[in-house]
Amino acid sequence: MAPRPRKRASRPTKPRAGSRRGGGGDDDPFFESEPKRRRGGRDEDIESEDSDDDAVAFGGAVDEDEDEVEGVKEGDEETAGEKKMRIAKEWLKTLTDAAKREEDDEDEDEEEVGGRRVAEILQRRQLEESGRKRRELAARVLPPEPKDGFKVIVKHRQPVTAVALSKDSDKGFSASKDGVIMHWDVETGRSEKYLWPSENVLISHHAKPPLSAKRSKHVLSLAVSSDGRYLASGGLDRHIHLWDVRSREHIQAFSGHRGPISCLAFGPDSSELFSGSFDRSIMQWNAEDRTYMNCLYGHQNEILTMDALSKDRLLTVARDRTMHLWKVLIFLNYSIHSATENFKKSCSIHSATASLKTLYGQIPEESQLVFRAPASASLECCSFIDDKEFLSGSDDGSIELWSIMRKKPTFIVRNAHPSLDSDDQELPNENGIHKPENFSMAQSWVSAVAARKGSDLAASGAGNGLVCLWAIEPDSKGIRPLFKFKLDGFVNSLAIAQSGRFIVAGVGQEPRFGRWGRVRSAQNGVAIHPIRLKEEKDDL
């Protein structure tokens with residue numbers, strides 16, 4: 001038989017708190033009532049941990065700060081409604097803080113975008129000013145209003161042969177065949193006249209005695225320095241005269257050319273002065289030190305016009321039907337003192353050059369590119385667009401666009417300044433060529449071209465009563481006509497403001513280099529025409 005299981009001794013069970021059994025169970029703290037248990041320190045800690053676990057289980061947030069944990073007063077329980085309200089408030093606060101952070105991020109992004117935009121605009125303008133990026137002005141030109149037109153702001157007795165604008169385009173200078181040089185304000189038109197000194201003063205300023213009984217005051221060219229301190233004039237007396245712009249006094253006369261001075265140009269941001277003459281030579285001077293520096297040869301006929309783009313880039317046009325682009329040798333102005341003294345003593349270009357060779361050894365040759373005009377044209381004027389492209393005007397009425405990459409024009413505008421419009425009266429026939437009565441073919445010659453350097457805006461003038469505004473297409477693709485402004489007379493000189501908002505023309509009844517044509521209805525003087533531009537969207 002299997003042994004019987006041994007009976008375990010039954011332990012007395014302790015009655016639960018609040019049970020029907022009475023007994024001595026009150027000594028056990030586990031069965032104490034809730035208020036009594038809350039008074040115990042250790043039991044209170046255990047209760048607090050259970051409450052925290054319950055709060056986490058129900059999605060509540062546990063705050064380590066005792067002030068925030070005690071959402072209600074001590075001894076009171078948090079009801080279900082209060083708990084829901086607290087959770088809702090905490091959730092609402094979380095959403096509000098997130099929204100604020102997003103707004104702050106958006107504000108910071110807008111500021112960053114604005115800062116980048118300003119930086120891009122400043123960088124673009126710096127590139128445009130330095131000439132590395134072409135400024136687009138032609139697309140912003142608006143049609144002229146009916147009240148717009150050329151307005152004569154300075155009158156001359158004789159035809160105006162040259163005009164020049166200061167670097168900021170607020171002041172202008174003009175000269176005429178009678179030797180009158182005027183200094184005028186662009187905005188007000190107020191003008192002041194330069195007074196020629198006596199012959200003795202001119203000789204004391206290193207001018208040579210005149211070949212005839214009286215020195216010729218006929219002026220053919222003007223140039224103003226970029227700092228606005230010096231004005232240079234040249235004409236039939238074969239001297240370059242240097243004037244002080246502030247006092248309007250004559251300060252120096254440069255001699256050395258053997259023919260009339262036909263053109264002058266200051267190098268940008270420098271005191272380098274270049275002069276071209278009918279003697280086929282180009283000379284380089286320093287206006288600050290009043291010294292001769294160099295002489296360039298290459299043209300085979302009279303030099304007509306020139307333009308300077310930088311210290312060592314020069315563009316010239318001559319009657320040999322060629323245009324030369326020069327890379328000019330730049331000397332330090334303080335290093336040619338010996339050659340200058342030799343030149344002052346002997347007044348000989350060859351002795352000065354010999355002195356330079358003594359100082360430096362063999363002087364390196366200047367480099368030049370030669371561009372030849374089309375077969376049917378002879379070049380009359382030129383102007384830089386930028387360091388890669390330039391314009392020229394011809395005696396057959398055409399305008400040529402050139403590039404340094406080609407020896408021939410990349411684009412030609414034929415008959416840019418026709419003698420008469422097609423709607424005008426029928427022209428008489430002479431040897432198979434239609435010619436108007438009392439009209440010289442010289443009036444259709446393009447006598448002046450000008451460009452706002454570093455931009456795509458250019459202008460041309462002739463004697464046909466019109467000044468044409470042109471847009472230069474990018475990548476040498478062509479020239480596009482914009483507008484035509486009426487102006488009676490021969491346009492002998494043109495200048496476009498740095499801002500591109502107006503154009504200045506030197507006009508006369510006769511052409512600059514002769515008297516083979518005449519327009520009696522023209523007013524000798526300086527005329528200005530506004531150019532209306534759209535405002536740039538990214539103006540600061």
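Note: Cβ is positioned from N, Cα and C throughout, glycine not excepted.
The annotation compositional bias 'Basic residues' is assigned in TrEMBL to 1-19.
Feature annotation from TrEMBL assigns compositional bias 'Acidic residues' to 44-55 (among others).
As annotated by TrEMBL, compositional bias 'Basic and acidic residues' applies to 70-102.
The compositional bias 'Acidic residues' annotation in TrEMBL covers 103-112 (among others).
Across the repeat 'WD' (153-194), DSSP assigns 0 helix, 24 strand, 18 coil. Annotated repeat 'WD' per TrEMBL: 153-194 (among others), in sequence order.
If you look up TrEMBL, you'll see 212-253 (among others) marked as repeat 'WD'. Averaged across the repeat 'WD' (212-253), the predicted model reaches a pLDDT of 94.
The repeat 'WD' feature in TrEMBL is assigned to 254-295 (among others).
For the repeat 'WD' (254-295), residue counts in helix, strand and coil come to 0 helix, 25 strand, 17 coil, using DSSP. Broken down by DSSP into helix, strand and coil, the repeat 'WD' (212-253) contains 0 helix, 23 strand, 19 coil.
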